[in-house]
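What follows is one structure encoded as structure tokens, with my remarks underneath.
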Amino acid sequence: MNRIFRNTIFYLLIFLVIVGIVSVFNSDQTETENVSFNEFAERLENGQVQELSVKPERQVYLVRGQFNDQAEDEFFQTYALRSEQTAELLFNAEDPTGTPFNLEIEPADETSGWVQFFTGIIPFIIIFILFFFLLSQAQGGGSRVMNFGKSKAKMVNEDKKKAKFKDVAGADEEKQELVEVVEFLKDPRKFSAIGARIPKGVLLVGPPGTGKTLLARAVAGEAGVPFFSISGSDFVEMFVGVGASRVRDLFENAKKNAPCIIFIDEIDAVGRQRGAGLGGGHDEREQTLNQLLVEMDGFSANEGIIIIAATNRADILDPALLRPGRFDRQIQVNRPDVNGREEVLKVHARNKPLNDDVNLKTIATRTPGFSGADLENLLNEAALVAARHDHTKISMIHIEEAIDRVIAGPAKKSRVISPKEKKIVAWHEAGHTVVGVKLENADMVHKVTIVPRGMAGGYAVMLPKEDRYFMTQPELLDKIIGLLGGRVAEEVTFGEVSTGAHNDFQRATGIARKMVTEYGMSEKLGPMQFISGSGGQVFLGRDIQNEQNYSDAIAHEIDLEVQRIIKECYARCKQILLENKDSLDLVAKTLLDMETLDAEQIKSLVHEGKLPDDHHLNAHLEKEKASESDVKVNINSKKEETPQVEAEQPQEPNTDEPIEKDPSVEDNRSFEDDTNKKE
């Protein structure tokens, strides 16, 4: 009702302004000259007045008329005292022809002075009110011109608290930390009886997609107390002082509803380090941060208010914000391990019909490094693939296809690839595959394909045998050797190389440099860490670069050590492929024929020199049939013929034929997917 009333007043004011503007433009725009009464009397006597009207006022006559002695008739007005002599002059006046004027006597204006006063100021009042409404309508987010300093925090209603702790999986320890906060709010005597103090602030830190906001929503659903939610970017806006004002208003509202919880999402937007770095001198943001520090733990205590914040950039937060008394507890929300991934998959599979062949444990093993958001997206993609084939349940084939789509993008079987490039891709991926199988400490080769997906012309999926949180020196060296396998395979097979190993070199060089500069794995330089000013990220609130803690001579030694590691790994990789040249050619020829090989087929080819039995081969072909949906989609719900892809017949590589170094090859092929780095 209040909104309808405001809209009615607003449109009424617009109507009045339009009427006023129209009346002004439609009024008599004729110019009128003010003349003295003596001049008027003289012209009247000379017969130069052709129209005349008289309007009696309090003590004078208002005389209006028109002269006829100009090229253009001129209108005039004058004032005359009300006397018998003036009345005789006016009422006996004659026009130039000697005919007495048909004198028009206008009625006297009996309007009071107060009415005239208010009539003059009403237009200004209307303009002021209209300006006020225009400003109020211009304020975003439903706020008004006089309350832009109010907090934008939203109190979560009871009916909207849908998330519970049972909806959070794969983060048992993190969930337990927050369960204590909820228990304190429900039964504070349990903790106060032994002198315990609940943390004033809890900071959730972790990579994107790990469930930090979901944990906060679960706290809101379980707490049973008022829950305020706000984003860190909602504090600072265009007006100076708004940020600090909104912080004060937020805590004032929280005090009125204590005990309560305040959740600040992406707190790094307002809690960046203060300093002279790039953007570090932002006075408005620093003022907002200072006010937040005072409200969290300042001179006046805020009892019963618990603050939960989330960020994925804890390294750039101000140290004063992280000290005990403000954020007493920091909870690291990492990506789930294999057991956590299985629990997350169970949560997201509740409303999805799964076929009997779906094994969530196997999927969890196949997806190392996936966050909770990645796993949710994976099952959603699998459901979309199943719906595309008009299936009523999600099978393992659909999930395998969804994993490939999430890792490398949709298959592009319609992409035209020349036989020469297809041959290069096949031997390149076969090189990665054979080296990965033969190395003891390398990641397990799970799948290899030459089917283009996304920007990749082919890729090999290398998965760790188990979840790990650190790597040994032999494992790092074997990883470099595996990355160089594609380039070495091209060299030993064709005698020339292509640009397809661009990403492989980038990653291999990065690992080797970290071994020397960060991990202390160089025998020549010893167990030391060398910090480079250009290696860190540039962000607001901190210096642009760190000082280099080593000399130019040491920098030269670092380059030599990195070069030595790469060359030794390259030589080792070349030795492996030359010793297993038959396996390399067999895998490459089979890839040209089948395009995709799974882990069991790869092991059988390398160790036994043949493919496994027909049962497994048929399962593989059925998987390939499911991926055909990326080429043709049945829009009209009618069955279409599956396009027949003619596979190139395996041929011995022609080493005499030169390889064209087309720069487009680099753009079309990224032979090994980055996700095999996930550990």
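Heads up, the Cβ atoms here are built off N, Cα and C, so glycines get one too.
Taking all protein chains in view, 28 other C-beta atoms sit within 10 angstroms of the C-beta of Glu429 (active site). For Glu429, the entry in Swiss-Prot reads active site, with the evidence type sequence analysis.
Counted within 10 Å of its Cβ, the other Cβ atoms near Thr213 (ATP binding site) come to 16, all protein chains included. In this structure, Thr213 (ATP binding site) is part of a helix by DSSP. The ATP binding site annotation in Swiss-Prot covers Gly206, Pro207, Pro208, Gly209, Thr210, Gly211, Lys212, Thr213.
The Zn(2+) binding site annotation in Swiss-Prot covers His428, His432, Asp504.
Under the heading compositional bias 'Basic and acidic residues', Swiss-Prot lists 621-642 (among others).
Taken from Swiss-Prot, the feature compositional bias 'Basic and acidic residues' applies to 658-679 (among others).
Sequence annotations record features per position, and here Swiss-Prot assigns region 'Disordered' to 621-679.
Positions annotated as topological domain 'Cytoplasmic' by Swiss-Prot, on the basis of sequence analysis: 1-6 (among others).
Residues or ranges marked as topological domain 'Extracellular' by Swiss-Prot on the basis of sequence analysis: 28-114. Confidence for the topological domain 'Extracellular' (28-114), expressed as mean pLDDT, is 69.
Marked as topological domain 'Cytoplasmic' by Swiss-Prot on the basis of sequence analysis: 136-679 (among others).
What Swiss-Prot records for 7-27 (among others) is transmembrane segment.
Summarising the annotation, Swiss-Prot assigns transmembrane segment to 115-135 (among others) and lists sequence analysis as the type of evidence.
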Using a 10 Å radius around each Cβ and counting other Cβ atoms from all shown chains, which of the binding-site residues Pro207, Gly209 yields the largest count?
Gly209
Please report the number of other Cβ atoms within 10 Å of the Cβ of His432 (Zn(2+) binding site).
30
Including all protein chains displayed, how many Cβ atoms other than that of Gly211 (ATP binding site) lie within 10 Å of its Cβ?
27
In sequence order, which residues at least six apart in the same chain have a CB under 8 Å from the CB of Lys212 (ATP binding site)?
Leu204, Val205, Gly206, Ala310, Thr311, Asn312, Val333
Inter-residue Cα distance where the pair is Asp504 (Zn(2+) binding site) and Pro208 (ATP binding site), in Å:
26
Relative to the Cα of Gly211 (ATP binding site), which of the recorded positions His428, Glu429, His432, Asp504 has the closest Cα?
Asp504
Closest of Pro207, Gly209, Thr210, Thr213 to Asp504 (Zn(2+) binding site), Cα positions, binding-site residues only:
Pro207
CB contacts for Gly206 (ATP binding site) [other CB atoms within 10 A, all chains]:
21
